[in-house]
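Annotated domain 'ABC transmembrane type-1' per TrEMBL: B:77-296, in sequence order. Annotation source TrEMBL lists transmembrane segment at B:24-52, B:72-102, B:122-142, B:148-166, B:197-214, B:220-236, B:248-267, B:279-299.
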Amino acid sequence: MVEQPFPSTNKVPLTLPSRTIRLWRERIIATVLFLAAISSVITTLVIVYILFAETMIFFEKVMEEHQESLLAALVEFFTGTEWSPLIQPISIGILPLLSGTFTTCVVGSCVAIPFGTIAAIYLSEFAPAKVREFLKPVLEILAGVPTVVYGYFALLFVTPVLQKIILGVQQFFAPGKESWEYFELPGFNMLGAGIVVGLMIVPYITSLAEDALRAVPVHLREGSYAMGATRLQTAIKVLMPAATSGIVAAYILALSRAVGETMIVAIAAGLQPKLTFNPLEGAATTTAYIVSVSLGDLPHGSLEYQSIFAAGIMLFVATLILNVAGYFISRRYREVY
Amino acid sequence: MPNHFSHPAAILRSIQVRKRWEKVFIVVGVFSLFIALATLVLLVSDLLIRGWPMLNWRFFTSPPSSDPEEAGILIAWVGSLLVIFVTALVAVPLGIAAGIYLEEYAPKNWLLDFIEINITNLAGVPSIIYGLLALGFFVYILNWGESILTAGFTLALLILPIVIVTTRESLRAIPQGIREAAYAVGASRWQVIADHVLPYSMGGILTGIIVGISRAIGETAPLITIGALTFITFLPDSPLTTQFPYISFNWVWAPFTVLPIQMFNWVSRPQDAFQINAAAAGIVLLVLTLGVNALAIYLRYRFRKSIKW
C-alpha cells in the first residue's frame, strides 16, 4: 500500500515556539558556562584587590606610627634588615623574610635540580618501558604527599640525621674536643627544611623535564645515533640543548613551588625572622611568617592582620613573575617543533 | 688527512670510553630515582614505626585532649569530611562548566588567551595566598566567619584550576567526528555536549576531580590562615535532624579543624608524646591522600586502555 511520502496533513516538527525555546535555552547555558569560565579571572582580581587594599592600610598605619612619608615607609620596607611588626617599636624591613625564602629555595634547588634532571634524562632515554610505567606513578604519588607530612619528616627525621652527620664530620676533622665545643645544628634550621623542599619538588622537575625531552623529535635522536653518538652523548649534546626552554621552564615552575611552600618551612625552618643566608641557622620565610601570625587569634584590623597581607603581596609578586616566565618559556619550546 | 681517530684501536678505545660513561650515567640515573623512592619509603616507615601503636579505635573516636594518651582525631576527620564535601560541591560543577566553555564554546581570541594564562597562573599561586584571599574576602567582606563554608570555598578555588585543566584535556580527547555526527542529526550544541561529549570524557574528568580532592584533603596553610581552630573539642551540628525537614545546614557555619591542622598542631608541640600522635595522624592523612591519588592513577590507566575510537 503506497501512500504519499509526505502527507500534507503532517506539521513541520520544528514549530516556531519550540525553536525559540531551544535557542533561548542554548543562550542561557552558554552564559552560565561563560560565567563559570570567568570565575577564574574574578578570583585573580579579588586576590589582587585584597592584597593591595590591605597592604595600603598596612603602609598607612606604619606612616602614622613612624610619622613619615609613604616613600620613607617603602624604603624601610624594602631595605630594612629587621622584621618585627608585632613588637613596639615596630620595624618593617622585609629582607629577613626574603633571605629565609631565598636560602631554603637555594638549598631546595641544589637538591632538586641535579636529581630531577638526571632522573628525567634516565627516564626518557634509558629506562626500559616497564621501569618507566612503574616509576611515573610512584613519582606522582610522591607529589601527592601532603606538605604537613613532609614538614613532620623534615623536623623529626631529616634534621636529627643531619645533626648526627654534622657532628660526625666535625669529630672526624677535629677529634678530641668536648662535645659542647662542636657546632650543633639547631633543631629548627633551613638546611633540613630546604632539603625536604627539594625532595618535594623533584617529581615536578622530573615529570616536566621528561615531557620536554620526549617532545624533541625522533629524527634528531636518529641523526645523532647515525653519527655514532651514544645515548648519553645524544642526551647531553643534542636533546638537552633542543629541550632547553622546556627544561628551564620546569626549573622555574618548580622554583615557584619552592618559594610558595609553606608547611615544611613553617614546621622545620623556625619562625624567627632573621637576616641570614646561612642554611645551618633557623629563620622564617615569608610563608612561615604568615602561618605563625595566623595561628594566634588574629584581630581584624590590627597591624599584624595587615602585615600578613604585606608579606603575602611579596610572595604573590615573586611567584607571579616566576609563573609567567615559566609559561612563556614553555610556550616557546612547544612552538619550535 | 689522517688524525688519531683513523686508527682502529683508537676508535675502539673511544667507543669503550663512551660506553663506560654511559654505564656510569645509568648508575647515577638509577640512584637519582632511588633517592625519590627512598624518600617515600623512609617517610612511610618512619611514620609507621612511631605512629602504629596509636592507631586504634579510640584514636578515631576521641576529641583532642591535653593528654596525648587520650587525644584523638574525631573532630579532625569529621571536619575534613565536611570541608571536602563543600569543596567538591563548589569545585566540581564550576570547574566542569568552565572547562566546557573554554573547550567547546569559547571563540579563539584574546579573551580566551587571557583566561588561559590566568588559569595557568592561578594553578601556580601558592596555597597560602588563597588563604589570604579567603581571610580578606570570605571571612571579613562576605562575613562568613571562620566556618566550614569559608574553608570549603577556599579549597574549591584552590583546586579549580586542576579540575578545569583536566576537564579540557579530556574533552579535547574526544574525536571531532562524534560531535559532527550529533550535529548532523540536528542536535543543538548543548545536546551534543550533554548527550555525547561529556559522557565519553567522564573518565578523564573524574580523574581530575579525584586528584583535586586529594590535594584539598592534604592542604593545611590556607585553612590556618582563615583562622581554623587548632584545638576544638566539639563536633559541628549534625546534618541530619530528628525534626522536619530532617536536613539542617547549621554545620556550614560551624568552626572546625581538619586532619592536617590537627597534625600540624601536634608536630609543633615540644612533648615527644604528641609527636607520636602526629605520626599516627600522618598515617591516616597519607592513607587518605595517597589512596585517593592511587585511585585516580588507576582510573586514568583503565580509561586510557578502554578507549577505542
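Cβ coordinates are placed from backbone N, Cα and C, and glycine is handled just like the others.
Whatever TrEMBL says is automated annotation, not expert-curated.
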Considering only the recorded stretches B:24-52, B:72-102, B:148-166, B:197-214, B:248-267, state which has the highest number of Cβ pairs under 8 Å to the transmembrane segment (B:122-142).
B:148-166
Of the stretches B:24-52, B:72-102, B:197-214, B:248-267, which racks up the most C-beta pairs under 8 Å with the transmembrane segment (B:148-166)?
B:72-102
Residues of the same chain, at least six outside the transmembrane segment (B:248-267), with any C-beta under 8 angstroms of its C-beta?
64, 71, 73, 75-77, 79-80, 82-83, 86, 144-149, 151-152, 217-220, 223-224, 228-232, 236-241, 274-275, 277-278, 281-282, 284-285, 288
